[in-house]
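Below is one structure, written out as structure tokens; comments come after it.
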There are 2 protein chains.
Amino acid sequence: MPVANPVVTDLSEQELLARIFPLLPVGSRTLLPPGDDAAVVTAADGRYVVTCDVLVEDVHFRTSWSTGHDVGRRAAAQNLADVAAMGARPVALVVALVVPGATPVAWVEGLARGLGDACRPLDAGVVGGDLSSGPVLVVSVTAHGDLEGRPPVRRDGARAGDVVAHAGRRGWSAAGLELLLAGAPDVDPGLVAAHRVPDPPLEAGPAAARAGATSMLDVSDGLLRDATRLAHASGVTIDLDEPLDVLADDAARLAAAADVLGADVTTWLLTGGEDHGLLATFPPDVPLPDLFRRVGTVTQASSEPVRVAGGPPCVASTGWDHFRPRG
Amino acid sequence: MPVANPVVTDLSEQELLARIFPLLPVGSRTLLPPGDDAAVVTAADGRYVVTCDVLVEDVHFRTSWSTGHDVGRRAAAQNLADVAAMGARPVALVVALVVPGATPVAWVEGLARGLGDACRPLDAGVVGGDLSSGPVLVVSVTAHGDLEGRPPVRRDGARAGDVVAHAGRRGWSAAGLELLLAGAPDVDPGLVAAHRVPDPPLEAGPAAARAGATSMLDVSDGLLRDATRLAHASGVTIDLDEPLDVLADDAARLAAAADVLGADVTTWLLTGGEDHGLLATFPPDVPLPDLFRRVGTVTQASSEPVRVAGGPPCVASTGWDHFRPRG
């Protein structure tokens, strides 16, 4: 007799897969969908972009704070953001999933629905996966993209004189996490939702490439840390304008949460991770594509890879390191 | 001052990555290597094959039995086998790695060396990855292959009258695991090594495709279980000849271990998993490519998807299910 609210061990691997597969989009560029040893995906461009990111329970998410659907959307979104940050259009995902036997099947179905909901509007397929038992939930996603004939937008192409621009949210995820940690999610549920599920500006990636962006990366570890990466790779300095000015909309949104928590808005703007916005540089004469806001200027390399409002950055920490406690 | 035998938490993420990257091959078809948001890989064929498989500590391996190098080679090999089973040539891997902070850095470097050693001879690159802390080791590999202009060899193309053939080892990994579990690895260290690191016949995959194989799959869960998958997908019955005859070499190799453990050689031959051999079907007039041995015949679908020596299979279990204890 079927169990009413089954957990993973109540089903065979085949039964679990039979529940997951129908929830996942195939994608119109998938020539051979999941079910064989491997899938086959078109690459009309003659190249493909590939990236991977892993989410681990109690490191990147908590099941008490995030539903399976949240985690599925987040896992997809942060990988899709890496594809977009190359200037590519997302095409296909594969997903390896580790699940404790006591995980409700509904949680796993929610995860699959979340992956599907993130991919379906883009016509990106979930073309393969693997499933294992294990002591914690692990969601490992590999994402593939299509450069549509363009060169990839790398992080090493910024040149002095370029405009620095950012698309997407800044600091929302960090503020949402702090609200959750403080047990005060009601202060701004929108920030908490932004922590649970980032909403990267995926369209802005290919748009930046078409507009001639000289460099771009996904801001996963905070603006300072990722701008530093871009500066080092390009051999330049990134001069950010006053964040409270150039990111005024984000600053306004973060004000109430900062007030309640006694936190600093500028620190969130500069060091908050996991919003998965796009940081790009453009030649000075190029009109910025939709969603991008000018946040600074590229200058010749100086003693600091990143400067803020003309000086060295003054914040406690430059961003997130998975193996180090945050300062 | 540097620590003598550092563990993962002694290093920053960047320091750990700086130790791993030099150990990994880039591959000549990698246009943009790791270091940006995503890698870029050539796909001259206009398509790519993609598959993923995850290994979890204490589910798929134990650090007391397997070195990091073993686990790296195994993780690569089983994914490369899935690529080969489509008739494709391996091109690129990406690897997501979850490591407890107390893991010796040397273990992680060994893993990277193992991945590299498995990929380098094939000119396959390790083109990307992600790293996270977590409570157990998890190695999630996504592998990509090049069909070189051929159609993929699917599992649904077997036709009555075809010859069934197998390339690679049968039962070695299962026997090696039993020897380890029994504390008797010295009975046959070669079988134990085959459990730690499978040696799939990767060249045989493209060779089978060139020879006109009508179907093929990677035997990861045992001959009976995977032959059943092939039979169901193709709508046929797989009639296996007496395994002790057609797999006589494997049977001879397994005899001593079976003797010591009181185990049944035929059961290992039919149900042992994780050798990652290739099971394929060929039109009857085709000379079998190198490494393939004839093991049976495809017949019209009958009451049993798989028959052994003319009758229903008589073994205790048909193979491995990650969520069910073995019978």
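Backbone N, Cα and C define each Cβ position, glycine as well.
The Mg(2+) 3 site recorded in TrEMBL includes A:ASP37, A:ASP82, and the single candidate from A:ASP218, A:ASP221, A:ASP226, A:ASP239 that the record places there is A:ASP218.
For A:HIS60 (substrate binding site), the nearest neighbour among the listed binding-site residues (A:THR51, A:ASP53, A:GLY129), judged by C-alpha distance, is A:ASP53. Under 8 angstroms separates the C-beta of A:ASP53, A:HIS60 from a C-beta of chain B, among the binding-site residues A:ASP53, A:HIS60, A:ASP221, A:GLU274.
Distance between Cα atoms for A:ASP37 (Mg(2+) 3 binding site) and A:ASP221 (Mg(2+) 5 binding site): 35 Å, as a whole number. When the binding-site residues A:ASP82, A:ARG155, A:SER220 are screened for a Cα within 10 A of the Cα of A:THR51 (Mg(2+) 4 binding site), the ones that qualify are A:ASP82. Calculated from their C-alpha atoms, the gap between A:ARG155 (ATP binding site) and A:ASP82 (Mg(2+) 3 binding site) amounts to 12 Å. Taking only the Cα positions, the spacing between A:ASP53 (Mg(2+) 2 binding site) and A:ASP221 (Mg(2+) 5 binding site) is 13 angstrom.
A straight line from the CA of A:ASP221 (Mg(2+) 5 binding site) to the CA of A:GLU274 (substrate binding site) spans 6 Å. The record assigns A:GLY129, A:ASP130, A:ARG155, A:SER220 to the ATP binding site, and the maximum Cα to Cα distance across that set is 32 Å. Secondary structure at A:GLU274 (substrate binding site), taken from DSSP and collapsed to helix, strand or coil, is coil.
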